[in-house]
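This report concerns only the one structure given below.
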Amino acid sequence: MSVRRTRTRTPRRGETSPDGAGSAPPQTAPEPPLADFSTLTGRWTDLQRAINAWDRLIEGPALRVLTPPRALPFPASPDVDAARVVRVAVVRHEPQAASALVARVRGALRRLGIEGVVVEAGYFFVPAATRDGNWKDWTVQWNPDRQAALFRPRRVALPSAALGVRWIPRWTGRRLVVLIDTGDARAGVQIGFSEDRRPREEAGFDNHGHGTTVGSLIRHLSADAEVRCYRVFQRSEIRAPSSVVINAISVAVNSNAVHVVCVPLRAEIAHRDEGARGGLDLVLWQRTDEGQRTPVVVCAAGNSGPLPMSYPATVSGVIVSIGVDWSGDPADYNCPPPPGLSPHMIEAFGGVSNDPIGVLRRPGHPERVIYGSSYATAQIAGAIARTADR
């Protein structure tokens with residue numbers, strides 16, 4: 001089946017989703033977790049002004065005791081103008097302080113004339129197809145009955161308005177796909193991101209298995225492409241803070257060498273101010289506004305349908321992958337777009353629980369099936385990396 005644009009439909013009952021929707025999908029969103037950090041995102045010069053003005057931004061005894069914001073480490077690179085790059089700073093605080101802090105800082109930034117800094121309460125990213133952690137010594141076996149369809153070379157019809165698409169005709173040399181995920185044990189070297197140190201090369205590892213399976217599928221579909229993983233999960237985490245993910249995306253977007261960014265993650269929003277999420281929008285659109293080359297960004301729809309899509313699938317300009325079953329029908333687990341949003345959606349095989357992409361095995365543990373919009377994301381990213389190989 002060829003990959004094509006999809007139409008969102010009403011999910012059917014009766015299928016268990018990878019992130020626990022169960023046989024009767026929930027009709028209301030779960031209560032969001034409380035935020036224990038807040039994020040400031042902006043160009044480095046504006047962000048530095050905000051950090052330097054922290055005492056004037058935060059007034060009143062209840063908030064003055066909070067830890068001042070600390071900019072996440074960003075890799076030094078000769079081809080990046082550090083003053084122009086979007087950077088991320090994190091404020092640690094008690095969970096109940098998030099709303100007051102965000103409201104106070106936003107107002108103070110306007111009064112001080114500091115523009116271009118997005119302030120939002122923290123949220124977390126989880127792999128779109130699994131929330132299980134600590135899957136270390138594992139192997140993946142692709143579904144032998146579906147490999148012909150899964151690995152068949154295909155091309156995708158890309159919407160011209162999507163981020164990075166207009167630059168594809170100018171691509172030269174080997175394609176570089178950046179996978180932002182839990183790690184990649186199949187990679188000799190990956191880049192590790194955290195809040196504590198600069199991103200740096202490390203031996204490939206993956207405690208969860210999610211990033212390794214996604215990266216392996218991309219390599220199957222685009223053997224000539226280089227797949228480089230930006231690991232944003234720590235060894236014991238089953239979710240990654242938004243600040244680390246935004247930092248990784250900022251590094252990927254600000255590299256002229258990257259062609260495709262693959263983000264098979266979805267956000268768990270840790271606050272109720274849904275309209276405030278702008279950090280990723282700022283990162284992804286800055287280079288577009290400046291007329292600089294931008295990679296194509298592919299994100300998973302998420303597997304919590306009928307709950308609506310979340311970040312980063314809701315960022316304007318990204319391509320959203322929709323998982324379909326082997327007959328080409330969108331699977332029930334896909335999250336539909338929120339009302340009023342019309343994202344660039346493309347279908348690819350995601351499999352379903354009783355006919356999956358494959359199985360993940362770990363010695364001494366039961367095998368688990370792998371399927372979901374994450375693997376549709378891998379197929380689309382791999383197909384785009386092949387698109388320019390005319």
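Note that Cβ sites are derived from N, Cα and C of the backbone, with glycine treated the same way.
Pulled from TrEMBL, these are the features on record:
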- 1-11: compositional bias 'Basic residues' (COMPBIAS)
- 1-33: region 'Disordered' (REGION)
- D181: active site, charge relay system (ACT_SITE)
- 206-387: domain 'Peptidase S8/S53' (DOMAIN)
- H210: active site, charge relay system (ACT_SITE)
- S374: active site, charge relay system (ACT_SITE)
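If you take the Cα of H210 (active site, charge relay system) and the Cα of D181 (active site, charge relay system), they are about 7 angstrom apart, rounded to a whole number.
In the three-state DSSP classification, D181 (active site, charge relay system) falls within a strand. Non-local contacts of D181 (active site, charge relay system) by the CB criterion (under 8 A, 6+ apart in sequence, same chain) comprise P127, H210, G211, V214, G215, C229, Y230, R231, V232, F233, C262, P264, L265. H210 (active site, charge relay system) is surrounded by 29 other CB atoms, counting those within 10 A of its CB over all protein chains shown. The average per-residue pLDDT of the prediction over the domain 'Peptidase S8/S53' (206-387) is 90, rounded to a whole number. Other C-beta atoms found within 10 angstroms of the C-beta of S374 (active site, charge relay system) number 32, with every protein chain shown included.
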